[in-house]
Amino acid sequence: MGKEKIHINIVVIGHVDSGKSTTTGHLIYKCGGIDKRTIEKFEKEAQEMGKGSFKYAWVLDKLKAERERGITIDIALWKFETSKYYVTIIDAPGHRDFIKNMITGTSQADCAVLIVAAGTGEFEAGISKNGQTREHALLAFTLGVKQLIVGVNKMDSTEPPYSEARYEEIKKEVSSYIKKIGYNPASVAFVPISGWHGDNMLEPSEKMPWFKGWSVERKEGKAEGKCLIDALDAILPPQRPTDKPLRLPLQDVYKIGGIGTVPVGRVETGLLKPGMVVNFAPVNLVTEVKSVEMHHEALTEAMPGDNVGFNVKNVSVKELRRGYVAGDSKNNPPRGAADFTAQVIVLNHPGQIANGYTPVLDCHTAHIACKFSEIKEKCDRRTGKTTETEPKAIKSGDAAIIVLVPSKPLCVESFQEFPPLGRFAVRDMRQTVAVGVIKSVNFKETTSGKVTKAAEKAQKKK
């Protein structure tokens, strides 16, 4: 077997008809986890429904429909391999809760792949003020996805087909607007592709002899290649934050007969080990971890990215809930927030937002109403420079520095220190109206919570 490939996560973004599904479907289809039988079944169904021309997107639609219905489909279907990486597509837009998912995201994307359509009029629609292209790219950047690849899709439908001039025009335009957002175009690979015909997807296309390949420059060195798959191979591997203090937001808490209370969640930073004395914030409950397991196998330690269940002693299911955060009681344990200051970007709110506005925040696994207690300043989104102090109200398109006060105990962190616990979605009227990145947290004075007997024993042993 040799050494296992590194796992990376990508998010595919772009306007609704840019061909994201077809492009993603093509990669999964050609390099992915879908077995031949499933593909043949999909193809047959597609043909019967007269959707023969739609097979790659059809593959994705089938998967998406299953995901929408809440069937946890075989996650392998959303994976594909490059020569260097195992790639997981963590969410493809078009999904209703895409923006929320991207923020509270089960995992941080290492790279965003932006698909823009080259067809006449199509590119312009996607990039116009109300197209989704800008919003998606802005979100990716705001949420710390610093690597970007741009696929200029549907090159087969330009006038004339596979037009170099059209590609160059789009490249120039996209470069200028991703630069406004904060990306450096020199470090972004641009590839002209056809997700449907397969041009420049996995191998260089004869139809675009003018394309000499993409190249990027970044402080980690240069990279170059011919097709989309090479660009994915050139993604810089993520640094998994094992050296930071433990943060594990709880997704669920189970009571398992004969074992006891088992909280479940994903290690975001640090390590979780059996025997560790953990602290659950914001309730400040301290207890010992008896065992840790993943996929029904006992672990000696769980690392960032691992979804685990762990058994805790002398704690009832009622004392823990989704949204609480576990940490190591001996190493900068998590605490509840009295209030926190964040940079908030308003995406789509029909009216004005003023002090006192109290929407629901989705931050990691927590879902809690928070009050905008003080809108301190409006700022330039890209540079962070103040443009107005103490504004009366803010509206769609504005970025502002705001002090928020949670209505119930809540555990959050600054984005700088613990990214997954420092970004949030603001939900109102069943949609994401704003996104935020936490600059600083004013922690509550820790009043000591319950310390279980198991924890006391474990602490004495040490």
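In case you wondered, yes, glycine gets a Cβ from its N, Cα and C as well.
What Swiss-Prot says about this one:
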| type | residues | note |
| --- | --- | --- |
| BINDING | 14-21, 91-95, 153-156 | GTP binding site |
| DOMAIN | 5-242 | domain 'tr-type G' |
| MOD_RES | Glu301 | 5-glutamyl glycerylphosphorylethanolamine |
| MOD_RES | Glu374 | 5-glutamyl glycerylphosphorylethanolamine |
| REGION | 14-21 | region 'G1' |
| REGION | 70-74 | region 'G2' |
| REGION | 91-94 | region 'G3' |
| REGION | 153-156 | region 'G4' |
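Taking the features listed in Swiss-Prot, we show where each one sits on the structure.
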residue	record	Cβ contacts under 8 Å, 6 or more apart
Met155	GTP binding site	Ala118, Pro161, Tyr162, Ser163, Tyr167, Pro192, Ile193, Ser194, Asp199, Asn200, Lys207, Met208
Glu301	5-glutamyl glycerylphosphorylethanolamine	Leu271, Leu272, Lys273, Val292
Glu374	5-glutamyl glycerylphosphorylethanolamine	Asn355, Ile402, Val403
### Query
Hey, what's the Cβ neighbour count for Gly14 (GTP binding site) at 10 Å?
28
### the region 'G4' (153-156): DSSP-derived helix, strand, coil residue counts
2 helix, 1 strand, 1 coil
### Among Asp17, Lys20 [binding-site residues], residue with fewest other Cβ within 10 Å
Asp17
### Query
Where does Lys20 (GTP binding site) sit by DSSP, helix, strand or coil?
helix
